[in-house]
């Protein structure tokens, strides 16, 4: 018997690919192209609006609708994708999102009027939300637990890289092919990574945890053997098995109910997700050129200055990924929230105290101080708040509700985003830059209080250990921080 056991262990060691790291990196890169598309499609509108508003005769209301209906679509896409991903698999949903990315991008690029533009922005948003909800789960479930923080935060890196590509291509397209149809080329470019995502996902497996959740343990083992070092497959498969009680699983599916502690955890996830958007980050990512124009910069200068936003976002996301390994989730979340709030207050003070014009000309110092404030804000947002948010949402929910719970959280995030994106042009028109930034600073103070009380810490735990920990501490106490999470 002992000899057979040894033979089985040796057989497993021989079957396990050595090394597994390259495959894990390929899986993470291809899957996070969904994040790249998320970033591009949300960022490209910042420059496209400068040209689209003349061609489509946009008002402040229709400008808000063109910008925000992508976010409304993403909210619906997130909650729908989260539910069906638990049933049909993470891979199939990402494949479907890639096709919707293609359709939405082409539709936006060819839209002859504002009504069709809004419709196709909504369709594109379905893919943005679906990718935002499912890609982090896919990565968190398929990569080794000790590398989860790196590969899940790659999603945030790809989002900001997509935004940087959008800003850079906006400026380049305007420089080379500037004209009335410039915005159509800006929007159509997104078809290229969408095709790559669809083709790439065809060759990737689903996650071992999804296979196990549906009783397909042979396939779960196959994926683990391709993505884990020899000797770790059996241990992880055993953890996955023990985290699921088949009887309670079947009962919960029949009754379609979840435990009190799970409801509290979903509520916490919604709060963490909304916190990221209530900072007002996407007012800067969507409307930076519009705001900089309002301070006196030219169209070309505004587009070029916006590239700096993208560069800082990418650099600080790299920094955030490195900081996560040293300081954990909670300290970084608190640092990001406090830093963002203080910076918003500072920008509000600059626009309030400094005159808009000097000797009849726009005050260049004021314009560049506002730009500098935006860049400092992005250091805190992209270097701390955003990567922590996506990482927490991917790992904090128990397996059997992970897709649904993450979808609900991203739905709340994107509905918050939608409300802000729609209202911001109207806010600019009614209360100006100063009032807008002071409003977000006040919201940031409330968000900081929430983070101090409720922000959890999940560093150094497997997904199954995180589930056990939350179950233990959320049965009676809804504040994870007080419970020592």
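Including glycine, each Cβ sits where the backbone N, Cα and C put it.
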Match it up for me: which of 433-455, 456-478 does TrEMBL list as transmembrane segment?
433-455
Counting CB pairs under 8 Å, which listed stretch among 23-52, 58-81, 367-393, 405-427 touches the transmembrane segment (185-204) the most?
23-52
Restricting to the domain 'Major facilitator superfamily (MFS) profile' (27-459), report the mean pLDDT as a whole number.
85
Quick check for me: are there 3+ Cβ pairs below 8 Å between the transmembrane segment (367-393) and the transmembrane segment (93-112), leaving out pairs under 6 residues apart?
no
Ranking 58-81, 151-173, 301-325, 332-355, 405-427 by Cβ pairs under 8 Å to the transmembrane segment (93-112), which is first?
58-81
Taking the transmembrane segment (332-355) as the reference, which of 265-289, 301-325, 405-427 gives the largest number of Cβ pairs under 8 angstroms?
265-289
Sequence gap of 6 or more, Cβ distance under 8 Å, 3 or more pairs: do the transmembrane segment (301-325) and the transmembrane segment (151-173) meet that?
yes
Please tell me whether the transmembrane segment (405-427) and the transmembrane segment (151-173) touch - that is, whether there are at least 3 C-beta pairs under 8 Å between them, with each pair 6 or more apart in sequence.
no
In the same chain, who gets a Cβ under 8 Å from the transmembrane segment (58-81) while lying at least 6 residues past its ends?
41-42, 45, 49, 52, 93, 97, 100, 114, 117-118, 121-130, 132-134, 282, 286-287, 403, 407-408, 410-415, 417-419, 421-426, 428-429
